[in-house]
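Encoded as structure tokens, the structure appears first; notes follow it.
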Amino acid sequence: MKRVLTALAATLPFAANAADAISGAVERQPTNWQAIVMFLIFVVFTLGITYWASKRVRSRSDYYTAGGNITGFQNGLAIAGDYMSAASFLGISALVFTSGYDGLIYSLGFLVGWPIILFLIAERLRNLGRYTFADVASYRLKQGPIRILSACGSLVVVALYLIAQMVGAGKLIELLFGLNYHIAVVLVGVLMMMYVLFGGMLATTWVQIIKAVLLLFGASFMAFMVMKHVGFSFNNLFTEAMAVHPKGSAIMSPGGLVNDPISALSLGLGLMFGTAGLPHILMRFFTVSDAREARKSVFYATGFMGYFYILTFIIGFGAIMLVGANPEYKDAAGALIGGNNMAAVHLANAVGGNLFLGFISAVAFATILAVVAGLTLAGASAVSHDLYANVFRKGATEREELRVSKITVLVLGVIAIILGVLFENQNIAFMVGLAFAIAASCNFPIILLSMYWSKLTTRGAMMGGWLGLVTAVVLMVLGPTIWVQILGHEKAIFPYEYPALFSISVAFIGIWFFSATDNSAEGNREREQFRAQFIRSQTGYGVEQGRAH
């Protein structure tokens, strides 16, 4: 089961190769000057965009949502840039490299949550909200309690992701660039703060768009060169891969990674519903002018991501053929230099030489920056908009709210750097699974039921949401990953790797039970207000658009 965890941690889309994704002792590579030069070009260009964006950020709306003036196509690219991480690129191609067909199952598994967002969430979310998903959840429920719960759910997810990203960034850069781990972590943290602090959502959006274009171009070129090598025949690709892989034809069969159906189902539900509860993804739907553009955003994003995950499958099989069979990329013991997660990087060298290797290495670093910038902005908005402006200091001016948001960015950045350094040698793979479980168990049920269930009340949302969050955390702690591997106990109290199946069930049952038994006057008033909310969610009547958004 440890092998399962290692493989899954490598594929979780925001882990950015944290923890087991780069397993064992990290072999520091020689300083890659091509990669460093290309990355510096990217940094200078994106800092120029940040300067340009800073001149256009004049209001709260500009800072949180780029004024609502991002088009559906641009937002689709940015969402793809936010979601496709270094772990998607290196981790899934490594999974295909080691296990073959199973890698395709996992890569496509990440797309399962997007139809839910497209058909159930995107349109209503945009029509009901302004800056954060808490705007939607609290539309007819009590502002204070719901915003506190939503902000806590968001901040926990953001914190877990940021730690995983920072550790992953340090390890990855140590591998690819030959830079010191601590320097890498500080560099990522400082750049992240600069993008968000000065450029807000506009700069973050364009960093994500540029990163998505670079990643799609790099992956497309690699897949093209692999297919060119086999005469553009998938039959030749698979035949040659089977001929050189140690497992032979077994790499074309599914089921080699997950033997426990409960864990597989729990992981699948966590990924599917967790995607629809990630605060930095949901926040992107408020950057477009209306619900139509929000739908288009998901349509384009799903297309870009689907294309990308197909490319990773080709890249993985190409690595089996061109890297796995080439002793040049092996160490004295016969293992891949730098570990299996370097398969795609070695393939870049095999198909494009040292210059293209530098390009792919720089893109991997840019990928991490784009993801952490989105996470930081989501965390800052949860504090400044949900907690400060709507709970603790009602009636705060836009200027005060923006000041709190920027202070939060600095605090989050410093904390992320410190924790990134402290967790250098820790197994933090569980944090990614826990982040998905919390997003699926706390954020998603409240968002979905607040929009679709007329009988939902504040009491039900609060009890069910907190129960889901606490259950996810407790079961994760009592499970094999933390209880046995980290805390050193002999046997896990909770036998499964991932808690989502159980914590999601607890959340939905809790919300239903405590809402159904709520006979208070406040509860009845909230039920009566559902019709007005439903009309607004369907028609967008009263929603602020464009620059007035």
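In case you wondered, yes, glycine gets a Cβ from its N, Cα and C as well.
Record features, source Swiss-Prot:
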TRANSMEM  33-53  transmembrane segment
TRANSMEM  77-97  transmembrane segment
TRANSMEM  103-123  transmembrane segment
TRANSMEM  183-203  transmembrane segment
TRANSMEM  206-226  transmembrane segment
TRANSMEM  262-282  transmembrane segment
TRANSMEM  303-323  transmembrane segment
TRANSMEM  355-375  transmembrane segment
TRANSMEM  404-424  transmembrane segment
TRANSMEM  428-448  transmembrane segment
TRANSMEM  464-484  transmembrane segment
TRANSMEM  493-513  transmembrane segment
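Between the transmembrane segment (77-97) and the transmembrane segment (33-53) there are fewer than 3 Cβ pairs closer than 8 Å, counting only pairs 6 or more residues apart in sequence, which means the two stretches are not in contact. Highest Cβ contact count with the transmembrane segment (493-513) among the listed stretches 33-53, 206-226, 262-282, 355-375, 404-424 falls to 262-282 (criterion: pairs under 8 Å).
Sequence-distant neighbours of the transmembrane segment (103-123) (same chain, 6+ residues past either end, Cβ-Cβ under 8 Å): 7-8, 11, 13, 83, 88, 92-93, 95-97, 254, 257, 268, 271-276, 281-282, 285, 291, 294-295, 297-299, 301-302, 305-306, 309-310, 312-313, 316, 447-448, 451-452, 537. Two recorded stretches are said to be in contact when at least 3 C-beta pairs lie under 8 angstroms, sequence spacing 6 or more; the transmembrane segment (183-203) and the transmembrane segment (404-424) meet this definition.
In summary, the transmembrane segment (262-282) does not lie against the transmembrane segment (404-424): fewer than three C-beta pairs, each 6 or more positions apart in sequence, are under 8 Å. Through the fold, the transmembrane segment (404-424) approaches residues 63-64, 158-159, 162-163, 165-167, 169-170, 181-182, 185-186, 188-190, 192-193, 196-197, 372, 376-377, 379-381, 383-385, 388-389, 396 of its own chain, all at least 6 residues removed from its boundaries and within a Cβ separation under 8 Å.
Away from its own ends, the transmembrane segment (428-448) comes close to residues 5-6, 8-9, 12, 14-15, 18-21, 120-121, 125, 133, 136-137, 146, 149-150, 153-154, 156-157, 160-161, 163-164, 167, 267, 269-279, 282, 461, 464-466, 468-469, 471-473, 476, 481-482, 486, 497-500, 503-504, 506-508, 511 of its chain (Cβ-Cβ under 8 Å, at least six residues beyond either end).
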